[in-house]
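*Asks:* Before I ask anything, let me first share the structure, which is written out below as structure tokens.
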Amino acid sequence: MATIESILRENRIFPPANEFVRHANITGMKTYEALRQEAERDYAGFWAKLAKQYITWHKPFTRILDDTNPPFYKWFDDGELNISWNCLDRHLTTQANKTAIIFESDEGEVIRCSYRELHQRVCRFANGLKALGIRQGDRIVIYMPMRIEAVVAMQACARIGVIHSVVFGGFSAKSVYERIIDAGASAVITADEQTRGGKRHALKATVDEALAMGDTTSVHSVIVFRHTGTDIPWQPERDRWWHNLTASQSDECEPIWVNAEHPLFTLYTSGSTGKPKGVQHSSAGYLLGAIVSMQWVFDYHSEDIFWCTADVGWVTGHSYVTYGPLAIGATQVIFEGTPTYPHAGRFWEIIQKHRVTTFYTAPTAIRSLIKLGPDLPEKYDLSSLRLLGSVGEPINPEAWMWYYTVIGQSRCPVVDTWWQTETGSHMIAPIPGAIPAKPGSCTLPLPGIDAAVVDETGLPAEQGKGGFLVIKRPFPSMLRTLWNDPERFRNTYFPADIAGGHYYLAGDSAHRDQDGYFWIMGRIDDVLNVSGHRLGTMEIESALVAHPLVAEAAVVGKPHEIRGEVIVAFVVLRGKLPDDQQAAEIAETLREWVSSEIGAIARPEEIRFGENLPKTRSGKLMRRLLRSLARGETITQDISTLENPVILEQFSQTI
């Protein structure tokens, strides 16, 4: 990667407020530096101390880090624990009646669930899974609405040592099918439908379609939660109603004690080369990362009401809905709906209603709400808030300032968190009682995280110059491998050409400023970031080319003030170039096609048609040229090797 010049200049800085510091878990830069130096002096001992402090072990570990077979690192691997026990049972002696979850439905129904009630529901469902013959090590795909039942399903899997793979409810039947096949799932947990923004979306019908696509004989059971009550097709020998499965089950289910390295879940994330990657996380190391970040980054206190708006189909929903908040005994809000239904103040109404103290959402949501003006949030009482968080993509400085001044009323710290599906928990983020914030920067690594920006050789990049973002030492919450694909894991995350394969390569470019703060600059591969979600170009291109009208396709991202990026598709049809009316009709057909193949989130915003794609005479796609075309920029690249220059004019036409 050539050196990247940083053009962002941001000089505003916001030290932690004295009132916040007085009550913070980590107070001041001296405390932060002391923790960081402790980790440098005794790296393994630092993490062992935290693991003993925050995790309840059935069998204590004696080994800390096994680095004898890099990059396949192991942590605490002679210890035993159960994740569900750590999230539920250990709270029952002191706070069984404390509210664990405040659920707010799409239509405004509120359900409160205590730790005792949640424990009972998880045990009943886990017993139901066992009654179906599901055992430790089996894989289950979860395709659920954003309701308490999704958390119950995940926790029940963890309770009996079953590896769950959650699929976002907006993904298509084909996406569900691919994940079922790759995981070798023995069961699918779903619902009749989900409701979002006043609309219903089929889930069970999508699962049925997925199971009819190929050899899915590994799936012997489909468990269906009755949500909307709509009529759905039924296969009596395979399908089971959730309520029938759990009705006669005991409220107690002995946890299965598993090795610290036992896989807790796989979560599929987009790659730049087509097939989604099954990111595999361990039990103990993953949980430790979630707990530590709840304590440090979110500065958790027992009276907090925590609300992370993410769906459990994404890693943020795993770490900061299903596992992190419950492991520390927090009360949290779970929301089924969208920010603007049935009115544009829905987020602020929920914060006011439930006295939310910690609010964690995506820049996409923030940008969409900015457009509605500052008057709207001012109608609501947001005085309960004490901390704001941002996740999913870098937040631009002006959105940060709006979030801080309008929502946080210039008193709530904003924690801009950098992390990934693969890291499992926060890596770089401002500890709010210690680190001064800069709008647009994720600031400094957490203690124990050895992050750096390096050039192609693995040497430190110059200050202010872009380079590869890496983590130089293994850390407990990192992915262990890619499901059934260890070589892809090694080549993707520990490539031999950077520092001999010893560094974790994040796939992001970044630079550091004069204070050592990290600034994320974007992806170094061809993964798109649409509304905070990573989507592979190859997957979308493959879907387009699968349509009988399409001969070739390439997609790139185009900056969008609300969604971060939108997808622009450059398409070569099998026939001649269409006229304007035909082009509009074909473009809409292809948009719908991609939505059905992958999911609505992958729907191209723009489709442009040309006689062929811009390639060099050696046949290499000129993707950077496409990015310039998508953005309406003046072409500055050398086009002397372009095979057919006339297509530049053709691809300038937006449909």
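Cβ coordinates are placed from backbone N, Cα and C, and glycine is handled just like the others.
As listed in Swiss-Prot for this protein:
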BINDING   ARG196, GLY197, GLY198, LYS199, THR316, SER531  CoA binding site
BINDING   GLY392, GLU393, PRO394, ASP416, THR417, TRP418, TRP419, GLN420, THR421, ASP508, ARG523, ARG534  ATP binding site
BINDING   VAL545, HIS547, VAL550  Mg(2+) binding site
MOD_RES   LYS620  N6-acetyllysine
*Asks:* Can you tell me which binding-site residues out of GLY197, THR316, THR417, THR421, ARG523 are within 10 A of VAL545 (Mg(2+) binding site) by Cα, answering none if there aren't any?
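*Replies:* If one measures from the Cα of VAL545 (Mg(2+) binding site), no binding-site residues come within 10 Å, so the answer is none.
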*Asks:* To see if you understand the setup: which same-chain residues, six or more apart in sequence, place their Cβ under 8 Å from that of PRO394 (ATP binding site)?
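*Replies:* Long-range Cβ contacts: PRO363, ASP416, TRP418, GLY440, CYS442, TRP519, ILE520.
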*Asks:* What whole-number distance in angstrom separates the two most remote CA atoms of the CoA-binding residues ARG196, GLY197, GLY198, LYS199, THR316, SER531?
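*Replies:* Value for the max Cα separation, rounded to a whole number: 24 Å.
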*Asks:* Here are some binding-site residues: GLY197, GLY198, GLY392. Which one has the most Cβ atoms within 10 Å of its Cβ?
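*Replies:* Answer by Cβ density within 10 Å: GLY392.
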*Asks:* Once near-sequence residues are set aside, which residues in the chain of THR316 (CoA binding site), 6 or more away, have Cβ atoms under 8 Å from its Cβ?
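*Replies:* Same-chain residues close to THR316 (CoA binding site) (Cβ under 8 Å, separated by 6 or more) are CYS308, ALA310, TYR360, VAL391, GLY392.
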*Asks:* If you measure TRP419 (ATP binding site) to SER531 (CoA binding site) at Cα, how many Å is it?
*Replies:* 16
*Asks:* Across all protein chains in the structure, which of the binding-site residues THR417, THR421, SER531 has the highest Cβ count within 10 Å?
*Replies:* THR417
*Asks:* Is VAL550 (Mg(2+) binding site) helix, strand or coil when read with DSSP?
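*Replies:* Strand, per DSSP.
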*Asks:* Going by Cα-Cα distance, pick out whichever of the binding-site residues ARG196, GLY197, LYS199, SER531, VAL550 is nearest to ARG523 (ATP binding site).
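*Replies:* When the Cα distances are compared, SER531 comes out closest.
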*Asks:* State the Cα to Cα distance, in Å, between SER531 (CoA binding site) and THR421 (ATP binding site), rounded to an integer.
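*Replies:* Given the Cα positions, SER531 (CoA binding site) is 15 Å from THR421 (ATP binding site).
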*Asks:* Would you list the other residues of this chain near Mg(2+) - those whose C-beta lies within 8 angstroms of the C-beta centroid of VAL545, HIS547, VAL550 - in sequence order?
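*Replies:* Filtered neighbour residues, in order: ALA543, LEU544, ALA546, PRO548, LEU549, ALA551, ALA553, VAL571, LEU590, TRP593.
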*Asks:* Using C-alpha atoms, which one of the binding-site residues ARG196, GLY198, LYS199, HIS547 comes nearest to THR417 (ATP binding site)?
*Replies:* ARG196
